[in-house]
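Here the structure comes first, spelled out in structure tokens, and everything after it is commentary.
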Amino acid sequence: MSKSASRARLFEIIRRRSFGRGEVTLASGRKSDFYFNLKPTMLDPEGATLLAELTYEALKDDNLDFIGGLEMGAVPLAGALAQISWIKGHPIAAFFVRKKPKEHGAKLAIEGLPRGETLQGKRVVIVEDVTTTGGSAMKAVESVRETGAEVVLVLTMVDREEGATDTFGAAGLPFRSLYKASEFLKA
């Protein structure tokens, strides 16, 4: 399937499984009359594959060591991308950032790294399923930067176009999206 055909097919899957209209309160606290819940798309076999392939294509030239983001939205995507990247011969390892460190066990804030391995000096992309203001992704950025990693960009599946570009710009971070909310609102 061509890249444009994959993008069109994924758009339809997101529209059917993950986009809705109706009043909701977003993670940012804002009210909205439409919403995206990408988990049904990210956990669907075809949706997960298309998301991972399109994300890999968007990132393959960025010379990345790791992909990760804040739980829960980044976990399915990071895992699927790690798998696709290995299949394509350019492995990008995955991790996720806990909203708060576990209070038991190893008490980790960042999960998925082998024992003794760190993100220090590594090139990292932060991914997110849906981005509104960028606040949630910035929490992940801050946690990852504290490890000494270089966060090279933030990539979201859907940009709600409500301030994230400004948030990441102020932090000196490039920001990319696979889709814009306006594409779904016009469909």
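The backbone N, Cα and C atoms fix where each Cβ goes, glycine too.
It should be emphasised that the depicted structure is a prediction, and the values quoted were computed from it without experimental measurement.
As written in Swiss-Prot, here are the features:
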type	residues	note
BINDING	Arg98, Lys99, Lys102, His104, Glu128, Asp129, Val130, Thr131, Thr132, Thr133, Gly134, Gly135, Ser136	5-phospho-alpha-D-ribose 1-diphosphate binding site
BINDING	Thr132, Arg160	orotate binding site
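Considering only the binding-site residues Glu128, Val130, Thr132, Gly134, Ser136, Arg160 (orotate binding site) has Thr132 as its nearest partner by CA-CA distance.
Look at Arg160 (orotate binding site): DSSP puts it in coil. In the three-state DSSP reading, Glu128 (5-phospho-alpha-D-ribose 1-diphosphate binding site) counts as strand. Residues within less than 8 Å, Cβ to Cβ, of Ser136 (5-phospho-alpha-D-ribose 1-diphosphate binding site) and separated from it by at least 6 positions along the same chain comprise Ala27, Leu70, Gly73, Glu128. Sequence-distant neighbours of Gly134 (5-phospho-alpha-D-ribose 1-diphosphate binding site) (same chain, 6+ residues apart, CB-CB distance under 8 A): Val154, Gly163, Ala164, Thr165, Asp166, Thr167, Phe168, Phe175. Of the listed binding-site residues Arg98, Arg160, the Cβ environment within 10 Å is emptiest of other Cβ atoms at Arg98.
Using a 10 Å Cβ-Cβ cutoff, Glu128 (5-phospho-alpha-D-ribose 1-diphosphate binding site) registers 24 neighbours.
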